[in-house]
Amino acid sequence: MDRTKSKSSGFLTLSAGALGVVYGDIGTSPLYTVREIFGGAYAIQLTQENILGALSLIFWALFIIVAVKYVVFVMHADNHGEGGIMALTALALRQRHRRKHRAWIISLGLFGTALFYGDGMITPAISVLGAMEGLGIATAALSHYVVPASILILLALFLIQRRGTERVGRLFGPIMLLWFLSIGTLGFVSLRQTPEVLAALNPLHGFRFLTAHQGLGFAALGAVVLAVTGAEALYADMGHFGKAPIRVTWFAVVFPSLILNYLGQGALLIRNPEAVQNPFYLLVPEWALYPMIGLATAATVIASQAVISGAFSLTHQAIQLDYLPRQRMVHTSESERGQIYAPAVNRLLLISVLALVLAFGSSSRLASAYGLAVVGTMVVTTLLALVVAHDTWRWPGLALLVTGAVLLSVDLSFLTANLAKLGDGGWIPLSLGLILATVMSTWKKGRDVLFARLQQESESLSRFLQRLTDEPPPFRPVGTAIFLTARNLSLPFALLRNYEHNQVIHQRVILLTMTTLDKPYAAEKEKITIEALEHNFFRITTRFGFMERPNVLRMLNLCRHAGLHIDLEQTTFFLGRETLIRSAERGLNRWEEVLFISMFRNAYNPTGYFKLPVDRVVELGTVIAI
């Protein structure tokens, strides 16, 4: 009985957490979606048939994209319980060994990842602006304070990131539950006054809407997609909460509340077309307007926090999988391993978000830029999930064809509609995606070229050990020397240089390789492998998941449990410090060389990244031409 109660309590806790983190973005979309369809740059004439058609498209977009695609299909593609586009890319690569196939999958994954960063810049700006615009509905005199108030809120949000959000995070679930109950109730009250709006659930209304307006109706899809922004979070945060809590909260709370609110806004527009200036806030009774603005502000801050945390987590994954240079990462919670703060990413997001708020000034103007980032990520997710369905799940060809045709037809329709908004701001996330994808691919390519150069100039471990047998070093100091080495280098460059210049080999030498697996967390039994070699050399391989932080001191404890005792006071860590210069040899293009060398110089030092004791580290420099 107690076990059942404990399981129920744990499930409810996870469900509340999912409400607070996963659904913040999609839950605040009613603030601007309907208004954008009928009052935005591609506004549709306000007639009852058009209102029913637009609401029908919103309902079926939520059902097909979120309920069917993400909740049923994509969430099945978990990488040992973890989700997100980097995890999906690693999963899609697992069965692909041809270089050309891997290159395409990596390019897709990197572009989708880059678009997610674009989403991370736009979500806080559009969400907080959308909430603050309620001030103009309350009284026209306050409309001038929308942008300044938004900037203050966003500044506070980004400045508290360094302290972590563990404490206030406990309030996210209850606040979002209150938000969903409130918007659902507001919609239901309006719906009861105009029940004929329920006809919008018939997909024929959506079809007629598109065919009747042709080009303009198709362009309106670019606004309809705003209703599904944040759908990617269902998959990205799966590792934190699990599939069941996310699925249950979607069908039990989020989906009904969203549909009720959208139908309620449509009912209001049928009764009062002038409400198009802000149908969300005009649903609210006058006495409840200020409390609702406060609740909406809290909900949009929570939505922004979820995206910011997602950007930190994605950066950590990209570094571990070697798609980005090392950066300083701070774990802000001792109990929650997913609580990460990336100072450089936080600064970049803050500057970008404030620039967007100042440049666009309203959620309506930002909506054009928003849709393209969201849909681009969705298309990439669909393609990668289809690769997994083919390679890993072994789906039959017909099932794969039908699923791909349905999902891609929806995704590509929304993508095409949003491409029409390139000139209105859609170029921002697209340009950002191309730039970031180029940065990540250049880093990956540059690292491969660098390791190839090191391998050329290095010596095989077996030959080096034979050299020690033939010509023993004149002096072997007491203690342990640990040399960090890449997975594809048999002999660390620092060891070779140290021996050539100093003719010194310590009494015990450990060659340490840290490998990142294509899954989030390494099992205890595979975390460490110890191999004894000649001349008191040891090769140690430690394995980490892409959600874990490499920690050398923790590795020393694992060695102790495995029977190899290492006294830290008698241990020196030798690191290679490579200085890169441009080479005449072909490997990277000239612009790639400049970019890679710049990133390499500015990467966070390995001493801090791997948590090495600074008083036990020796760096040996060398010049490498790439």
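Keep in mind that glycine also has a Cβ here, set from the backbone N, Cα and C atoms.
If you look up Swiss-Prot, you'll see 11-31 (among others) marked as transmembrane segment.
Residues annotated as transmembrane segment in Swiss-Prot: 55-75 (among others).
Among the features that Swiss-Prot reports, transmembrane segment is placed at 103-123 (among others). Only residues 6 or more beyond the boundaries of the transmembrane segment (103-123), in the same chain, are considered here, and those with a CB under 8 A from a CB of the stretch are 25, 85-86, 88-89, 92-93, 96, 229-230, 232, 236, 303-304, 307-308, 310-311, 314, 318, 323, 349, 352-353, 356, 366, 369-370, 373-374, 376-377, 380-381, 383-384, 387, 428-429, 432-437, 440-441, 444.
Feature annotation from Swiss-Prot assigns transmembrane segment to 140-160 (among others).
Among the features that Swiss-Prot reports, transmembrane segment is placed at 171-191 (among others).
Long-range Cβ contacts of the transmembrane segment (216-236) within its own chain (Cβ-Cβ under 8 Å, at least 6 residues beyond either end) map to 21-27, 29-30, 32-33, 36-37, 40, 42, 44, 53-54, 57-58, 61-62, 65-66, 69-71, 74-75, 83-85, 88, 116, 119, 123, 209-210, 246, 250, 258, 262, 303, 306-307, 310, 313-314, 367-368, 370-371, 374-375, 377-378, 381, 413-414, 416-418, 420-421. Residues annotated as transmembrane segment in Swiss-Prot, with sequence analysis given as evidence: 216-236 (among others).
Taken from Swiss-Prot, the feature transmembrane segment applies to 250-270 (among others), supported by sequence analysis. Away from its own ends, the transmembrane segment (250-270) comes close to residues 19, 23, 26-27, 29-30, 33-34, 38, 46, 48, 51-52, 54-55, 58-59, 62, 66-67, 71, 177, 180-181, 183-191, 193-194, 196-198, 200, 227, 234, 276, 279-280, 282-283 of its chain (Cβ-Cβ under 8 Å, at least six residues beyond either end).
Residues 20-21, 24, 27-28, 31, 124, 127-128, 130-132, 134-135, 137-138, 153, 157, 172, 175-176, 178-179, 182, 186-187, 189-190, 261, 264-265, 268, 272, 275 of the same chain lie 6 or more positions beyond the ends of the transmembrane segment (282-302) yet place their CB under 8 Å from a CB of it. The feature transmembrane segment is assigned by Swiss-Prot to 282-302 (among others).
Summarising the annotation, Swiss-Prot assigns transmembrane segment to 340-360 (among others).
Under the heading transmembrane segment, Swiss-Prot lists 369-389 (among others). Counting same-chain residues at least six beyond the ends of the transmembrane segment (369-389), those with a Cβ under 8 angstroms from any Cβ of the stretch are 65, 69, 73-74, 77, 85, 88-89, 91-92, 96, 105, 108-109, 111-112, 115-116, 118-119, 122-123, 126, 222-223, 225-226, 228-229, 231-232, 235, 356, 360, 395, 400, 403-404, 407-408, 411-412, 414-415, 417-419, 421-422, 424-426, 428-430, 432-433.
What Swiss-Prot lists as transmembrane segment is 395-415 (among others).
Below 8 angstroms of C-beta separation, residues 41, 106-107, 110-111, 113-115, 117-119, 121-122, 318, 323-324, 356, 360, 365-366, 368-373, 376, 588, 592, 595-596, 599 of the same chain, each at least six residues beyond the ends of the transmembrane segment (422-442), sit close to that stretch. Swiss-Prot lists 422-442 (among others) with the feature transmembrane segment.
Among 55-75, 140-160, 171-191, 340-360, 395-415, 171-191 has the largest number of CB pairs under 8 A with the transmembrane segment (11-31).
Highest Cβ pair count under 8 Å relative to the transmembrane segment (140-160), across stretches 55-75, 171-191, 340-360, 395-415: 340-360. The largest share of C-beta pairs under 8 angstroms with the transmembrane segment (55-75) comes from 395-415, of the ranges 171-191, 340-360, 395-415. Away from its own ends, the transmembrane segment (340-360) comes close to residues 120-122, 124-125, 128-129, 147, 150-151, 154-155, 158, 161-162, 164, 308-309, 311-313, 315-316, 327-332, 366, 369, 425, 428 of its chain (Cβ-Cβ under 8 Å, at least six residues beyond either end).
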